[in-house]
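One structure is given below, encoded as C-alpha cells.
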Amino acid sequence: MDREPLSSGRLHCSARYKHKRSASSSSAGTTSSGHKDRRSDYDYCGSRRHQRSSSRRRSRSRSSSESPPPEPRHRSGRSSRDRERMHKSREHPQASRCIGVFGLNTNTSQHKVRELFNKYGPIERIQMVIDAQTQRSRGFCFIYFEKLSDARAAKDSCSGIEVDGRRIRVDFSITQRAHTPTPGVYLGRQPRGKAPRSFSPRRGRRVYHDRSASPYDNYRDRYDYRNDRYDRNLRRSPSRNRYTRNRSYSRSRSPQLRRTSSRY
C-alpha cells in the first residue's frame, strides 16, 4: 500500500523533469535558429552592400576613364585652347572701324597720318601712341573711322606702303574698346628681393645713372656701399663687438703674463 504513492510520485517528478528539458531544448533551438537567421540576414545585407560599393567603384572608374584629362595650363593661368584662340585672333582680327598702323617712323606726325588716311573716308579720331619719358611717337597709332567700309578700304590700300622711309603695316585692331595711353613704365609686380631700377637701397634715394660715367665710378660706388653695409652690421651685432673687445684685451695682457711667469 505504501509503495504505490511513491511510484506515482516518482513518475510525476520524471514527467516534470522531461517537460523542463524539452522546454529548454526548444528555447535553445529557437535562439540558435534566431541567431542563424540574423547571421543569414547580415550576410545577405553585407553582400548587397559589397555589390553596391563595387558597382559604384566601377561607375567611378568608367566615368574617370571616359572623361578627358584636364588641359595643361600655362604660367599665366590660361589653357592651351584659350592661348590658341588668342593667337588666332591676333593673326586674323575681326573687321572693325578701328585700324592700327604699325612700323611708322618716330618723326611721322599725326597731321601727316590724317592726310594719308583721310581720303578713304571721314575719320572720327586718331590716337598716336606716345612714350611718356621721351614724349615721342612709339611708331604706331590707331585710326577710328566713322564707317566700317572706309576702314576696310584704308586697310587694303595702305598696308605695305612706305611712309617717311619706313614700310608700314595696317591691320584691324584686336580690341574693340578705346586704347588707353601707355605710361612708358612697367607697372606690374616687382620680383621679390629686387628694387626698381631707379631706386637705390642705400639711404632710400633715387639714383640717376649717367652713361658717360666711367667704370671706375661704378666700382667706387659699389665699394662704398659694401663698406657702409659692413659698418652697419658691426654696429647692430653686439656679440661681434664683444668678441673684438675680448680679443684686444687678451692681446694687451699677454706680454705681462709672460713676464710674470718668467720671474717665477
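Heads up, the Cβ atoms here are built off N, Cα and C, so glycines get one too.
Here the structure is a predicted model, which means the values were calculated and not measured.
Of Ser14, Ser40, Ser157, the one with phosphoserine in Swiss-Prot is Ser40, while the others lack that note in the record, though it may still apply to them. Record check of Ser96, Ser137, Ser212 in Swiss-Prot: the feature phosphoserine is attached to Ser212. Considering Ser200, Ser254, the record held by Swiss-Prot lists Ser254, annotated as phosphoserine. Secondary structure of the domain 'RRM' (97-175), assigned with DSSP and counted as helix (H, G, I), strand (E, B) and coil, comes to 22 helix, 30 strand, 27 coil. Averaged across the domain 'RRM' (97-175), the predicted model reaches a pLDDT of 94.
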